[in-house]
Amino acid sequence: MSHSSGVDAFADRFRHALSCNNDAGNINKPDFRELDLGSPVSPLRTTRAPAASTSSSSSGSFSGRTGPNQVPRKPESSLTNSNTNNSCSSNHNNNNSGELSGSSENSPTARGFKPGHTRSDSGSAPGPLIYSGQTATSPAMNVLPTGNICPSGKILKTGMGMVANRSSRSDVLGSGMGNYGHGSIMRGGGKAEPVSSRGGGGNEAVKRGGHVQGVDPEELKRLGNECYKRGNFADALSLYDRAIAMSPASVAYRSNRAAALTGLGRLGEAVRECEEAVRLDPNYGRAHQRLASLFLRLGQVENARKHLCYPGMQADPSEMQKLQVVEKHISKCGDVRRIGDWKSVLREVDAAVAAGADSSPQLFLCRAEAFLKLHQIDDAETVLSHIPKSELHTSSTSQARFFGMLSEAYFYFVRAQIEMALGRFENAVTAAEKASGIDPRSVEVAVLLNNVRMVARARMRGNDLFKSERYTEACSAYGEGLRLDPSNSVLYCNRAACWFKLGQWERSIEDSNQALHIQPNYTKALLRRAASNSKLERWEEAVKDYEVLRRELPNDNEVAESLFHAQVALKKSRGEEVYNLKFGGEVEEVSGLEQFRAAISLPGVCVVHFEVASNSQCKQISPFVDTLCGRYPSINFLKVDIEENPGVATAENVRIVPTLKIYKNGSRVKEMVCPSREMLEHSVRHYSF
């Protein structure tokens, strides 16, 4: 071969290569390029669209790779060949997050199609892919969705553009549900989970907080709104939280989150969320409206008015009227509280709550204070225990004032009074000190703190003197405390104990009565009065008090014995004959008709339990009869098994068990067939006097 022929052959091959480039495109390029791998749901990089060899599948996959000898046709797109690359760059810059917006309203090619679905005809150029609710034109030959699947079907392994902390698990193409980008691409080979665009059961993946590709904040907000409308506030809150995490500066998301928190009863957190929305956008009207409504429910009239009448906003007349009604009742509540008209305080609190301030901790605290002053200590403690203590305080709520003191200080102010009334003096001092620390300028708080400390000191000194058996001095110490706190039932009861030790039983009864007037269920005061009445031989009064104590303290053996002796003494004082009564008797078992007749003929009251040992109802009531025997020792209790003693059953005409009969001085006065426990004890108590 000559040199010139070799040159000619080389030139022929060069010309052939140029011709192939012009005819068939870049067929000698590799299957893929090292592309910038951003988010798996980044916009497709649009250049030229290949001719479709098959219809696009419902899973969102497409057939667009040309064979080695095929020449790609121009795409049916508004983008021309001359500006393809510029258009792709512009599309990417308009979506800085790397995701499409999810709103089909902005997509001119989405008309006539359901969001998240594609439509194409076999043999024609493929239509645009619907991607998270928007459109993107089909990719050109050898150009892939950024960071997804290469034409060979394998995962593209490259470090270019990869997120540093991306998981090393493999990415696979999921089953797809017609929403390309909503459920097609998964990590780790797991099953893809679609997100329904209609807000039905398909929202579960979003609600659970799982990472669902292609869902933008607006979609999360829409799903949250649907949950909110159905009353699923917890699910709505979770969705709004995710939207805020993606777009923390959105005032609409924060306002919606406040609405969900309100639905869950978490008003303090709702206030904080609305305040953050107002901080981000001081002119956002919806947040101001929500804040006004929340502050009104919390009873904070001034804060509510500030947001309801915000400059540049027109106040809602109905909300304004509601605010004025609440303000009127709260103001009147303060007036009657100042003069100590506590019944009127309760009425005004109820009226303010009914008018709209239904979640005001301070109004409920005022109700507890009124109950305390009306000597309804149990009711006051119940109200206090049901006031939420974990309510979050914001700068606005913590600075609100009620009755001249800061709202948070008022909580400890009322608590200190209730603790003092219940005799928990150390707790009362602690609560008063907290109130003073929160609002040191409040005169009312300062006076309470001083009184609580002095009363606690007087009570401690009185206790020490009582232990030293210096009862007269102890009386003086308790009296000093009562001058500072004349409604303290504990101090009255303690002084009653001193009078009892000094043998001044009348004065002991007087102080016990004062304590019971303030706290009707005060068992110690009742015990002091019963013991003093016994010393004065006022047996009927003593028996009444011991009966109450026996019901309150059924396992107290000392109370049971005191009751027994008082009952015996009462019978004797009435001239009744008392035979062989002893404390702690047991139910006597009758073994014959003569024994039965002799037992019921004795003076006094006798209760007879007719039973059958194998009967289930008899087994249930028999232990309770034993309890009554110990509880009412002045009554004789008998039991008769009618199967073992048919003569007694025939004489008494007993056919059904359990049957209980009460005899008094030999005569039957009461008969009960299968009685309840309440009915049985009521009858026994009635005939025990």
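Even glycines carry a Cβ here, placed using N, Cα and C.
The region 'Disordered' annotation in TrEMBL covers 22-134 (among others).
Summarising the annotation, TrEMBL assigns compositional bias 'Low complexity' to 45-67 (among others).
As annotated by TrEMBL, compositional bias 'Low complexity' applies to 77-107 (among others).
Positions annotated as region 'Disordered' by TrEMBL: 184-215 (among others).
Annotation source TrEMBL lists repeat 'TPR' at 217-250 (among others).
Remote same-chain residues near the repeat 'TPR' (489-522) are listed as 375, 377-378, 421-423, 455, 458-459, 462-463, 466, 469, 471-472, 474-475, 478-479, 481-482, 528-529, 531-533, 535-536, 552 (criterion: CB distance under 8 Å, separation of at least six residues from the stretch ends). Positions annotated as repeat 'TPR' by TrEMBL: 489-522 (among others).
On the 0 to 100 pLDDT scale, the model's mean across the domain 'Thioredoxin' (594-680) is 90. The domain 'Thioredoxin' annotation in TrEMBL covers 594-680.
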Secondary structure content of the repeat 'TPR' (217-250), with strand meaning DSSP E or B: 27 helix, 0 strand, 7 coil
Residues of the domain 'Thioredoxin' (594-680) by DSSP state, where helix covers H, G and I: 33 helix, 26 strand, 28 coil
